[in-house]
Amino acid sequence: MSENNNDKITAKKTLTLKRSGSETNTVKQNFNHSRTKAVVVETKRRKIARPDEKTEMPQPITKPHVAPPRSKPRIEKPVLVTPTAQSNLSSTEMDARLRALEEAHIQDEIIRKQAAEKQIAERQAAEKQAKESEEGLHLQKTHKEKIQKSSSNTTKPTPLFSSTVSPIESIEAALTLKNTAASKRKADENDDDEKYNRRANLSKSEIRAPKIIKGTDERRRGKLTLNSALDEEGNSRGRSMAAMRRRQEKFKRAQNQEPREKISREVILPETITIQELAQRMAERSVDVIKFLMKQEQMMKPGDVIDADIAELIAIEFGHTVKRVSESDIEEGIFNVDDDPQKMKTRPPIVTIMGHVDHGKTSLLDAIRKANVVSSEAGGITQHIGAYQVEQNGQKITFIDTPGHAAFTAMRARGAQITDIAVLVVAADDSVMPQTIESINHAKAANVPIIVAINKIDKPTADAQKVRTELLQHEVFVETMGGETLEVEVSAKTGQNLDKLLEAILLQAEILDLKADSERTADGIVIEAKLDQGRGSVATVLVQKGTLHLSDIIVAGNEWGRIRALIDDHGNHIKTASPSTPVEILGMQGTPQAGDRFAVVAHEAKAREIAEYRQRLARDKAAARKTGSRSSLEQMMTKLQTVGVKEFSLIIKGDVQGSIEAITAALEKLGNEEVQTRIVHSGAGGITESDISLAETSNSVVIGFNVRANKQVRDLAETQGIEIRYYNIIYDLVDDIKAAMSGLLSPEKRETFLGNAEILEIFNITKIGKVAGCQVTEGKIERGAGVRLIRDNIVIHEGKLKTLKRFKDEVNEVQIGQECGIAFEKYEDMRAGDTIEIFRVEHVNRTL
């Protein structure tokens, strides 16, 4: 590029004005919505020495003068010091003046360096802008050539501007005018200022964004700025930021319109899922899923819930694979832990003592344990299931004692399911009884070998042979009768042949070859559970596999907990419980149900999750039983028939869960088609204030079985009029509830025939009405009895006698063959020859 004004450059010169020492510039500011504002700025230029200029250094003077530093606000005029005056100065003053001169030179040098650095930076910026302007002009020229080529090949588009002047020509004309004016202004300036100003103005005026004409295939260029989009005067308004953003998004969308490759995913499907959730797991739009369902004639919304089958069809249709899971999967792996065959060791046998009530099961176990359990049971009958462990010849045997009463059927069935050997106790003087037969059936259903113990052999009326013969009728063949079932004649009272019974048990256990892996995680079954005051939930469990340790986390039914204590059958605290060991555990969050299986889990989170799932499942089942929205016709008819059934509401609190279960089963059998029992609430533990409140709202009777209410609860019950009944024998409880329910039965009407009378004549009596003159043909007539009017052997009226007179006197009774006058209540259609039947109705109380 030439520094002469007449030389041509790649772009036309800009219009400039001569810069004076003080000049006024107008800066035009552009705002949104086409608003502008002009600001007048006055600047003063100072002469700055450029690096390429030759600066004449001042001649050194022989006599120094003091120049004040520029940083001081007060500048004094330098005074020329004559040699005479200098000679009058002291050495201190001369040193001060020399230091001031040196500081002034240092300050000037610093200012000169800063100005040089600033000038270099400005020159580099100007060169960069000039380079960018050259590139812009080159792009503009290329753009113009493309437009000319496209116009020659295609039809000419409708011009956006006036037909007389094209945008390119207007730009060139404006540039020509600006360069002409600039050449006149720059003629009076020196060459250095002209070179500097021309570069600065060139970078501002000629760096313009080329206008884009629609329909061209121009590629994207660099990012535009507002300054480069506007000229120096601001005549044209550039694109807004929103417009530029829209343009970029449109370009991106155009690039992304290429078809993407379908990604197949593995979709995990639970039992139920919403359409929105399914679409998110497939990474599809929920609208597309809705459209697919509409094609299948299923009108649904994104929030609708569908089952796993429909969700699987949708996922397969969209090209994904499916993995179905269930909420019950969380329970997998807690019970089906494989045993290591190399670690299997012999375990003690689990023996269940079964039989009829009062046949001596607990007494036999007492004799074996050398303890007195019967005395602790109310009424002398076993009402709890107990587990004990005894030792015979160095080998342990675990005994489970089950109740023999008819109400404890579920307990006997549970005892047979968890046992290895069943000892059937039959009294020699009583032979086979109903619960004996039931125990045999439970043992056979559980495929458990039976050992028959013929008890009470010491009694004079004992007949062991009769017992063996009656057992044959129920397919129990003892060894003495040619069978395979072991039998032992014992006496729990005298202890006769108890050692033979234990040896028979150990022999049967050896035949069964009972083994277990004691090193795996423990699991087993809950034999009994109760809520103990001061200790919380206490569960009696039987470890079947593995070893149960203190602080283990277990899940039992709907409850979970961390074991805080392990107590054996003797009341001793232990740290571990091996297989076939019955123990009491403390630390459960709630009271589990008797018969629930328990297992040890790894951590609390999993135990809590399993328990919550089981509780939710139990609630859903209860709600389904209660609501029953989809009932069959038979269920609807039964419900209509039971609308008028009276209910006897009960709240049952017991010491252990098994007793409550037995009481509930016994009470459910008491109802008939008119009255039924309704168990509002049942649970193990003492009677609380919440039980009284529930009894008040449900109009129930509170029953405590081996539990009591404290003084606060008793006072609350007395205030609210709630009856609390205490029992410790299940016989008495069932009998009292049966008598109370009998009181709810409507009395039975019994009709007694008294006699017949024939109407001879009808009389009309003032203030009384029609009176029939009758003769008693059979039996007698009593005053206030019921009557039926029979005409031609058809009963046309049934009612009561209003009056009974004989010779104008009121009488209470008229015997056969006598005549009397009879009037009916609210009925007068009587004729001669009709027959009157007299009867008496009696109300008799009914019982269940």
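Quick reminder: no glycine exception, Cβ is built from N, Cα and C everywhere.
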Feature region 'G1' in Swiss-Prot, mapped to one of the ranges 355-362, 627-634
355-362
Region 'G4' according to Swiss-Prot, located in which of 167-170, 343-346, 455-458, 843-846:
455-458
According to Swiss-Prot, which stretch among 380-384, 805-809, 815-819 corresponds to the feature region 'G2'?
380-384
Where Ile457 (GTP binding site) falls in three-state DSSP terms
coil
Helix, strand and coil residues within the compositional bias 'Basic and acidic residues' (121-138) as assigned by DSSP:
18 helix, 0 strand, 0 coil
